[in-house]
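Trainee: Can you read through this structure? Questions will come right after.
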Amino acid sequence: MSILIKNIISVLNARFSGHEKEGVVSSVSIDSRSLQNSDSTLFFAIVGPNNDAHSYIKDLIEKGVSNFVVSHIPEECANSANFLVVNDTLVALQQFAGYYRSFFDFPVIGLTGSNGKTIVKEWLNFLLSPDFNVIRSPKSYNSQVGVPLSVIAINEKHNLGIFEAGISTVAEMVKLEQIIKPTIGVLTSIGSSHDEGFVSLKQKINEKLLLFKDCEVLIYQKDVLVDSCIASDIKTFSWSYNDKSANVVVTKKNTLNGLTTVSYQYKEQSFELSIPFQDKASIENAISCLLVLLYFNYDFETIQSRMALLFPVEMRLKVKNGINNCSIIDDSYSSDFQSLKIALDFLESQKQFSKKTLILSDIFQSGLAIEDLYSRVAQLVVSNNITRVIGIGTTISAFKDSFVNCTTFDTTADFIANFETLDFSNETILIKGARSFQFEEIVYLLEEKTHETVLEINLNAISYNLNFFKSKLAPKVKMMVMVKAFGYGNGGLEIAKLLEYHKVDYLGVAFADEGISLKNGGIKLPIMVLNPENTSFAAIIQHKLEPEIYCLKGLYAFLKIAKKKNLQHFPIHIKVDTGMHRLGFEENSLDELIAALKGESTVKVQSILSHLATSDDLEHLGFALKQIQLFEKLSSKIIKELDINPIRHILNTSGISNFPDAQYNMVRLGIGLYGVSNDPAEQQFLENVGTLKSVISQTRTIGAGESVGYGRKFVADRPTKVATIPIGYADGISRGWGNGLGFVIIKDKKAKIIGSICMDMLMVDVTEIDCTEGDSVIIFGEKPTVSFIAKKLNTIPYEVLTSISQRVKRVFYR
Ligand SMILES: *Cc1c(COP(=O)(O)O)cnc(C)c1O
């Protein structure tokens, strides 16, 4: 890309403030973390519901970025860069993408539908890429932001585009149509219900069809309702199972060993095709692809041979624990230039180790000449501070000299043969390869081998929940997030990093050690330590943690050390007891507290806090209100007599929901971040964060009268199929959950836990479930939820979450 700033100003109808209208923009970014941002990047400061990228502009200018599209110029940045000021930066991004799209004139497939868009897109890319230089939306970039970013990635060498569009309400598709400008439309499965955001199914269909208004053809599955919505001037190319008026009529023949055979009638001929899937959705997605191939006039043999190779689509970037304390980012299913950029940005956002290794296969389908391609890859590697590159494949091997510190192998097998010599430790490894290189074997080698139980943490869900609670705050109210107890069992450092990115104001931990490991992991956010022991004060000071001071003894001890170290204005947090009766100054000790702090410059009262005992239980509403009243009184007294202006805070998660008038200057979010609410009505607005998974180790069938496990607590009354799962009470599964009370989910079905839960294993009844060794098992997640289990066990979700032992490996994904 190479576009004059002055042309962009006129396209966006922007007001310009800066020096360099004659400058040229060569890339576009909305991600402040990306190391790919450079002096010729145009940064669009997108304002999300709770995250405003304008606040990153100052940092970006320091990093050398000089062109910004903004809705206002941040005060501290005036005159220090080029600013294109517009009303709405998202609209501007879309306008820019539409403008950029107009430079290209090649067939573009536009996909929409309720389900299957991403899969059909990936499959079409696979099916068509032997003959075209395809540009497609990366991952599932199909939103108001994702679509413009996808289109902006087009380059001169592409000659076919495949873009997906997703909408959640009316009026959105018109904008996406303007950007994608598809020439061939594909409507994937439309679903039978209308979603939130639409008044009826018909409205939803009509809205989706707007994507196709200027297409030369619309490819879809014939359906009475859809037909009634399609404008008469649109040419269609349709398929159906039973409507003989469709262009292609499909009959399902049989299913065997994961293969489904269908026959189809097209132009008065009949063909038989086998599709490597069994489920209904995959078959229909495959038929959508078939129609596109027929529309492109592919012959039967080509269609059959390519479709036989269709594969399950893995869209997630997964972070896994690796051997020797490495961290692995597994993107072993694709290699194209655009997704490499995304994966590198993801790598950067992890910030786990300064040492970074990229294992990369030959890159396909970039559209670029290979010299150009590998020189661009080499640039990316440099700008992302990659420490070493391991290239696999004959093409990348030929370009070995383009990279610094690069080792290459012709094949994955060569790499594996030399694995021992490569020395992986204390680094982040991004594994990125085209499917044909079978990098899953490399992932397998590098993955830490513990037992097969993992707690999967959905980082997007955490962001989502954070924003949900942020949206409840009055303007200027700060957010402290509690990451004590290893992030409520979900992983401390990774979550802290995400929170730092989201610019929360404070983190809270229970003990100094927890804070120290966050600081050692690179966290810069201020961290309050709720329960500092006097013996940890020196370490707290050394690591710039901020202690909560809750008694005079602690205050004097802290002052003594702080004075010895000649500290000035070291931040401390004063906890007052308003009724919880756990930690805190009581009313009768305030005078002495005030006397001790008066004129004391060693420390600074950064905040005053208290904690509610009953914020989740409106039966005790009166008690909570009394606590808030007392907090008002005690904190006001300290503030007045010391003449200070500290942050005040008293609300935890349930407090945020139930006492909006008591937000003061900050709130302390805990369990809600992890997707759990004490209020069932609120629960439905939160996203599930953690899924505890395992696998079946062994299955067997026992006869009636035989027993299972220690103490023969379960005796079968019929022939029973038993599966053993390698997770037990040492992993944090309460023994109370055994003996028929609890269950796990296997293949979407409940499997009752039978007998007593053992230390490392439990057994379930799978008589009614078609399952076998190695099949995946869900212990909690979307179903059953942690809250559900807690209720059955007569405890609270906090305990269930934080009980999961550290030997259970955490896997983070987006
Ligand atoms: C744990 C904790 C919180 C957060 O509580 P949640 O109910 O998880 O939101 C807030 N404040 C203090 C003092 C805490 O100990």
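Any Cβ shown, glycine's included, is placed from N, Cα and C.
What TrEMBL records for Lys484 is N6-(pyridoxal phosphate)lysine. Positions annotated as active site, proton acceptor by TrEMBL: Lys484, Tyr710. Annotation comment: TrEMBL describes Arg582, Met759 as substrate binding site. Taken from TrEMBL, the feature domain 'Alanine racemase C-terminal' applies to 689-813.
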Trainee: Can you tell which of the recorded positions (Lys484, Arg582) has the fewest other C-beta atoms within 10 angstroms of its C-beta?
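Mentor: Per-residue Cβ counts within 10 Å for the recorded positions Lys484, Arg582 bottom out at Arg582.
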Trainee: What is the pLDDT of the domain 'Alanine racemase C-terminal' (689-813) when averaged and given as a whole number?
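Mentor: On average, pLDDT over the domain 'Alanine racemase C-terminal' (689-813) sits at 95.
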Trainee: When you rank Lys484, Arg582, Met759 by Cα distance to Tyr710 (active site, proton acceptor), which of the recorded positions ends up on top as the closest?
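Mentor: Closest by Cα: Met759.
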Trainee: Tally of helix, strand and coil residues over the domain 'Alanine racemase C-terminal' (689-813) according to DSSP?
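Mentor: The counts are 23 helix, 45 strand, 57 coil.
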Trainee: Any idea what DSSP makes of Lys484 (N6-(pyridoxal phosphate)lysine), helix, strand or coil?
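Mentor: DSSP call for Lys484 (N6-(pyridoxal phosphate)lysine): helix.
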Trainee: Return the count of C-beta atoms lying within 10 angstroms of the C-beta of Tyr710 (active site, proton acceptor), excluding that atom itself.
Mentor: 11
Trainee: Ten-angstrom check, please: count other Cβ atoms within 10 Å of the Cβ of Met759 (substrate binding site), all chains counted.
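Mentor: Summing over all protein chains shown, Met759 (substrate binding site) has 11 other Cβ atoms within 10 Å.
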Trainee: Do you know offhand how many angstrom separate Arg582 (substrate binding site) and Lys484 (N6-(pyridoxal phosphate)lysine) by C-alpha?
Mentor: 17
